[in-house]
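Colleague: Take a look at this one; I'll ask things after.
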Amino acid sequence: NRRKKKDDSILEIPSIPNPFPELCCSPFASVLSASLLPKATSRKKQVIKVYSEDDTSRALEVPSDITARDVCQLLILKNHYIDDHSWTLFEQLTHTGLGRAIEDHELVMEVQSNWVIGEENKLYFRKNYAKYEFFKNPLSFFPDHMISFPSETDGAVSHSGILQMFLSSSTYPEIHGYLHAKEQGKKSWKKLYFLLRRSGLYFSTKGTSKEPRHLQFFCEFSNSDMYMSLMSKKISGAPTNYGFCFKPNKSGGTRDLKQLCADDEQSRTCWMTAIRLLKYGMQLYQNYMQPYQGRSGCSPLSITPMRSISENSLVAMDFSGHRSRIIENPTEALSVAVEEGLAWRKRGCLRLNSHGSPIAMSNMGMSIHRSQSWFHHKISREEAQRLILQHGLVDGVFLVRDSQSNPKTFVLSLSHGLKIKHFQIVPLEDDGKLFYTLDDGHTRFTDLIQLVEFYQLNKGVLPCKLKHYCARIAL
């Protein structure tokens with residue numbers, strides 16, 4: 001009896017559940033293991049084609065839920081580029097002459113799903129230095145005469161406070177000014193007074209009146225995308241070249257476009273930046289901050305960015321002794337740089353002279369710049385302005401090109417103050433030697449590389465230093 005009671009007590013002990021049922025060879029094992037598989041394996045893959053500035057292209061097989069930032073990271077990884085957080089995916093609608101920078105968080109397949117069948121629209125991979133510049137330098141993007149604040153705001157608002165108001169859901173600054181609007185179904189343009197508010201874009205039917213009875217609704221942004229008009233004068237007959245428009249996501253064609261045109265680049269930049277902030281809000285700020293937070297929220301395609309080279313990370317070093325040292329004296333650093341440059345050129349002369357070709361050295365000095373990424377051979381003034389505009393009107397964006405008016409000279413095209421300025425580089429001969437100058441011979445350089453390197457470190461006669469060059473990359 002005692003043994004029977006003991007056996008009964010053993011049988012009454014509840015069984016311990018198996019914590020790893022997926023390891024058991026039961027009929028349910030396949031079901032359980034399938035439910036534990038990551039969802040990424042069920043994602044469909046599609047092929048997209050991405051172009052670069054030199055019209056080379058690359059086909060990529062990507063998941064259907066890939067974002068624009070992930071495509072950029074993938075191309076950076078495959079091409080071994082330095083990630084300086086300015087690489088951008090652009091959408092270009094060839095038929096209508098429209099283009100825009102796709103936001104980092106947007107899904108690429110959703111963008112392509114809005115394309116009209118039969119039109120040769122393209123995705124471009126290039127740099128856009130102005131993508132988040134308004135977070136760093138809002139003063140250039142929101143001029144005082146175009147912005148006003150709610151009546152409850154006390155005193156003046158700082159420019160960083162303007163951004164906080166755009167990102168806030170309770171208050172908002174108001175953007176106002178004149179714009180040319182294309183009348184629906186007509187070829188004519190009409191100049192109207194516009195106001196941008198959180199609920200959308202309005203225009204006044206009576207001068208500059210802001211009374212509700214005089215305001216008429218023009219467009220809202222949740223179901224449409226904003227594009228820059230690349231050829232607004234030629235295609236739409238716009239009064240200026242500073243056009244932009246709104247295109248519904250499911251558009252039936254050009255008749256559904258709401259086209260606008262500003263009087264200058266500063267005005268267009270202000271309108272487009274404010275609309276981006278109102279449409280995306282905090283998402284833009286997260287896109288801007290994400291590269292500096294270790295990319296913890298990115299997809300597996302993202303990689304840790306390589307260290308980018310900027311003028312803040314460059315120091316003068318002396319490697320002539322047994323141990324290297326940092327040169328802190330600017331005068332000494334300049335003299336060492338000049339000595340190194342002369343030694344480098346002397347070694348180049350010796351290499352060429354060993355082949356008995358002194359003429360080859362002069363030819364090399366005249367053509368050595370052609371291998372540089374910032375040099376663009378025989379492009380027009382309009383093409384240079386288009387390239388700089390696509391790379392972003394940030395102070396210091398530049399390129400060097402052949403002069404169209406004088407074949408013997410070159411032109412430095414530079415962005416400053418939301419304008420593109422052109423400076424002629426003139427060849428100067430002195431004592432049988434050829435030099436290049438920007439300031440009538442006061443500062444002379446033996447070749448264009450030396451000239452560009454000097455103005456990357458010194459402003460000189462230019463309005464700002466050369467910071468970012470426009471390059472035609474190859475994919």
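Just so you know, the numbers here start at 1 and follow the chain as drawn.
Cβ coordinates are placed from backbone N, Cα and C, and glycine is handled just like the others.
TrEMBL annotations: computationally assigned, not manually curated.
Straight from TrEMBL, here's the annotation block:
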| type | residues | note |
| --- | --- | --- |
| DOMAIN | 44-130 | domain 'Ras-associating' |
| DOMAIN | 172-280 | domain 'PH' |
| DOMAIN | 374-470 | domain 'SH2' |
Colleague: Going by DSSP, how much of the domain 'Ras-associating' (44-130) is helix, how much is strand and how much is coil, in residues?
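Modeller: The breakdown for the domain 'Ras-associating' (44-130) reads 18 helix, 33 strand, 36 coil.
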Colleague: What does DSSP give as the helix, strand and coil breakdown of the domain 'SH2' (374-470)?
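Modeller: Tallying H, G and I as helix, E and B as strand, the rest coil: 21 helix, 35 strand, 41 coil.
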Colleague: Would you mind giving the whole-number mean pLDDT across the domain 'SH2' (374-470)?
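Modeller: Value for the domain 'SH2' (374-470), mean pLDDT as a whole number: 92.
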Colleague: What counts of helix, strand and coil residues does DSSP assign across the domain 'PH' (172-280)?
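Modeller: For the domain 'PH' (172-280), the helix, strand and coil counts are 27 helix, 46 strand, 36 coil.
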